[in-house]
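Novice: According to Swiss-Prot:
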BINDING   10, 11, 12, 13, 14, 15, 123, 132, 133, 203  ATP binding site
BINDING   31, 36, 57, 58, 59, 85, 86, 87, 88, 92, 156, 167  AMP binding site
REGION    30-59  region 'NMP'
REGION    122-159  region 'LID'
């Protein structure tokens, strides 16, 4: 099982990724984790990436694809792997294709923007303990106060409505086109094309998991 998981921020990809990993016994490939590991280990690509990062630049797709290819050679990838958060752009998808990285499925978790904004902008946190609440789905006993300490809850900057709206804008302009990219490739009938599946990310967590497993058959 070799798959790419797509969906907007706040769609519940992380939760579903954990269930998929467990069911199929495959690792989740995170480019951020790979970069940090390569830099720490001082690999040739890690050294190259560190130079770029230290200068405040963005690590090139070539370096990222190199890291991906190295990562996929490791033993835990023998029965498959799952990409979450990569590729993010068409050039990255092209680079993966040219590098011959095999993909069986592209699974999109679809959630309307209005729902994403409600989910994310409703989050509240008690910073000292890490406890989290939601004004609608998991409210504190007293509005705006932590249940245990009575201290104020805060809305993280990342969860502010305008920040969420900006992240969604980036997703729709850069990452959402990947769905069409992979759909066109699948329709071409070329050998090695992935199957593209779309499921709703609305409803209870176990319902969404059932949809995901059914889509990956």
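Every residue, even glycine, has its Cβ placed from backbone N, Cα and C.
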Novice: Just jot down the residues in the same chain as residue 133 (ATP binding site), at least 6 apart in sequence, with C-beta under 8 A of its C-beta; none if empty.
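Specialist: Once residues fewer than 6 apart are set aside, residue 133 (ATP binding site) is near 123, 124, 125, 126, 139, 140, 153.
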Novice: According to DSSP, folded down to helix, strand and coil, what is residue 57 (AMP binding site)?
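Specialist: DSSP assigns residue 57 (AMP binding site) to coil.
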Novice: Work through the binding-site residues one by one (88, 123, 156) and point out the residue whose CB has the fewest other CB atoms within 10 angstroms.
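Specialist: Ranked by other Cβ atoms within 10 Å, the binding-site residues 88, 123, 156 bottom out at 156.
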Novice: If you measure from the Cα of residue 86 (AMP binding site), which of the binding-site residues 10, 12, 14 is the nearest?
Specialist: 14
Novice: Using C-alpha atoms only, work out the spacing between residue 156 (AMP binding site) and residue 12 (ATP binding site) and round it to an integer in Å.
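Specialist: Counting only the Cα atoms, the answer is 18 Å.
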Novice: Measuring Cα to Cα, how many Å separate residue 31 (AMP binding site) from residue 14 (ATP binding site)?
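Specialist: A Cα-Cα distance of 14 Å.
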Novice: For the C-alpha pair, I'd like the distance in angstrom between residue 12 (ATP binding site) and residue 88 (AMP binding site), rounded off.
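Specialist: Counting only the Cα atoms, the answer is 17 Å.
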Novice: In Å, how long is the longest CA to CA span across 31, 36, 57, 58, 59, 85, 86, 87, 88, 92, 156, 167, which the record gives as the AMP binders?
Specialist: 30
